[in-house]
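Copied from Swiss-Prot, the annotated features are:
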{"type": "COMPBIAS", "residues": "564-574", "note": "compositional bias 'Polar residues'"}
{"type": "CARBOHYD", "residues": "420", "note": "N-linked glycosylation site"}
{"type": "CARBOHYD", "residues": "515", "note": "N-linked glycosylation site"}
{"type": "CARBOHYD", "residues": "550", "note": "N-linked glycosylation site"}
{"type": "CARBOHYD", "residues": "563", "note": "N-linked glycosylation site"}
{"type": "MOD_RES", "residues": "490", "note": "phosphothreonine"}
{"type": "MOD_RES", "residues": "498", "note": "phosphothreonine"}
{"type": "SIGNAL", "residues": "1-21", "note": "signal peptide"}
{"type": "TRANSMEM", "residues": "62-82", "note": "transmembrane segment"}
{"type": "TRANSMEM", "residues": "118-138", "note": "transmembrane segment"}
{"type": "TRANSMEM", "residues": "153-173", "note": "transmembrane segment"}
{"type": "TRANSMEM", "residues": "190-211", "note": "transmembrane segment"}
{"type": "TRANSMEM", "residues": "218-238", "note": "transmembrane segment"}
{"type": "TRANSMEM", "residues": "259-279", "note": "transmembrane segment"}
{"type": "TRANSMEM", "residues": "289-308", "note": "transmembrane segment"}
{"type": "TRANSMEM", "residues": "314-333", "note": "transmembrane segment"}
{"type": "TRANSMEM", "residues": "345-364", "note": "transmembrane segment"}
{"type": "TRANSMEM", "residues": "377-397", "note": "transmembrane segment"}
{"type": "TRANSMEM", "residues": "432-452", "note": "transmembrane segment"}
{"type": "TRANSMEM", "residues": "458-478", "note": "transmembrane segment"}
């Protein structure tokens, strides 16, 4: 190698000497070899010179090595935190810090190529990192709690996101209109930033909720809101960007609302139809005999919903979210047992890696993006505006939900009891405060900010980036303390996860087939791992008794019927039990609105989309209860 370099230099010297001999007026100087670092080499920091393929491959390898090292550090930190039972700090916060430290080192180092390679790329984010998170969220969605709290979720997600975007947009527009920092943006751009900063991403908080086993109702409301909120924020942002450079008129509001509703509805329909298509393919073919091919096809077809929707100028996130929900509701029960387990863990694995990569990217972006323009006052105003907007979106809407709940319950109970009843709030104040605290922003906002147009693009991008990092660190880092301060109910779900193979979903159904029992259970697509645990002994006893009175939750509470007359003996805890029973009764009344869809689903849709006897049930019916116990270990 050294001899080649020396020969190359000697050849160039001879060539230059001969050239000067022919043309002595030529003042060209000897140029360094491309293989050797010179003043124009990217190693020395000149960004205008292209690398040769070998050097480019070397720098790309170093960039990937750094990213993988950060990812390994984040996952190892997660293991350490889990082992030491440190639940106040989450790995996502550490991922941001790791990214910030390495980003600062890269920024201070000579050269630019590694810095350019690890810079946040919106195309990578939307096409590679975000889809696994959305798909897993829809697939792992607790459908029972989601549909039971659908009203609260929809109110927070749709009107709440709209209120948040409008409040943030108006505050930023007024601030920039004052001209204190020489920034002048249009109202459409201000609304675009408002939509960007309205995209919540409570990954950190929900992970802490899982560790503390927070009340599933609160978890579902925050989780469901964040799912729909991201999709709605993206649709709102794209709608606002269509009015960039145009004067804001009153008719623009109705035009924007129409575009939003059309985009959301068509995207939802695309996702549901593709999910149903997968269910029908699994039902009418024998692909389940080849689990590896089956798992690959399910994953790829699900991804197709995302890219097809984006290609049609719709929302890929909405399509992928509802495709995941439909896959779990219908296609799951047509899969082979191996594919059920494989798909579950593939989705979880990809989502976990993507989440950590995203937070590492956020930390790196603070220092590796050289074009960012930081305006401290604008950042402070933006941070205050998201708090004001979150307050306007949470507390008034919570009171509205409580009012609807109260009116409906009083009307429903008026025929049962003639006396006035005190209806508990559907969303108590401490739950409202926790929902407010869970409104931290995430990488979706940063990725959307990369699409902002105009002269002040990098100023607004820097503002969004700093606000996102601050909310993750401040709100995410103080969540554990807020759970104690607000006295949020924890420990609602057993620590033991006995559903790794998901045999707990189908084992009771197999017992019914073996014993010829006609007991109807809720262990179907509307149930999940958070459903009441039913043991074999309870199953045998409940055949001669009222089943709801014999099912106990992991927390020790019992579900009683409306005509419950047992246990009339004095009990110190009787009053608290009565309150819980009353709340269960009221909840049953309030959630009865979704019963029509469940009946329609059971009687019409499932016979069309599902096998009469799913393959999983066929496999489990040939085994004894002891076999299920042995396979779970």
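Note that Cβ sites are derived from N, Cα and C of the backbone, with glycine treated the same way.
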For the transmembrane segment (458-478), distant same-chain residues with Cβ under 8 A (at least six beyond the ends): 88-90, 92-93, 96, 183, 185, 189, 193, 196-197, 204-205, 208, 359, 362-363, 365-366, 369, 371-375, 378-379, 382-383, 386, 437-443, 445-446, 449-450, 452
Region pair the transmembrane segment (218-238) / the transmembrane segment (432-452), three or more CB pairs under 8 Å: yes
Contact set, same chain, for the transmembrane segment (377-397): CB under 8 Å, 6 or more residues outside the stretch: 155-156, 159-161, 163-165, 167-168, 171-172, 175-176, 180-181, 183, 193-194, 197-198, 432, 435-436, 439, 441, 459, 462-464, 466-467, 470-471
Recorded stretches the transmembrane segment (432-452) and the transmembrane segment (62-82) touching, at least 3 CB pairs under 8 Å: no
The transmembrane segment (314-333) vs the transmembrane segment (62-82): 3 or more CB pairs under 8 Å: no
Spatial neighbours of the transmembrane segment (345-364) far in sequence, C-beta under 8 Å, 6+ residues away: 67, 70-71, 74-75, 91-93, 95-103, 106, 118-120, 125, 128-130, 132-133, 135-137, 139-140, 203, 295, 299, 324, 442-443, 446, 465, 468-469, 472
Proximity of the transmembrane segment (118-138) to the transmembrane segment (289-308), 3+ C-beta pairs under 8 angstroms: yes
Sequence-remote partners of the transmembrane segment (153-173) [C-beta within less than 8 Å, at least six residues beyond its ends]: 146, 185, 187, 190-195, 197-198, 220-221, 224-225, 227-229, 232-233, 236, 378, 381-382, 384-386, 388-390, 392-394, 397, 400-401, 435
Residue numbers, six or more beyond the limits of the transmembrane segment (289-308), whose CB comes under 8 Å of its CB atoms: 127, 131, 134-135, 270-271, 274-275, 277-278, 281-282, 316-317, 319-320, 323-324, 327, 331, 335-336, 338-339, 342-343, 346
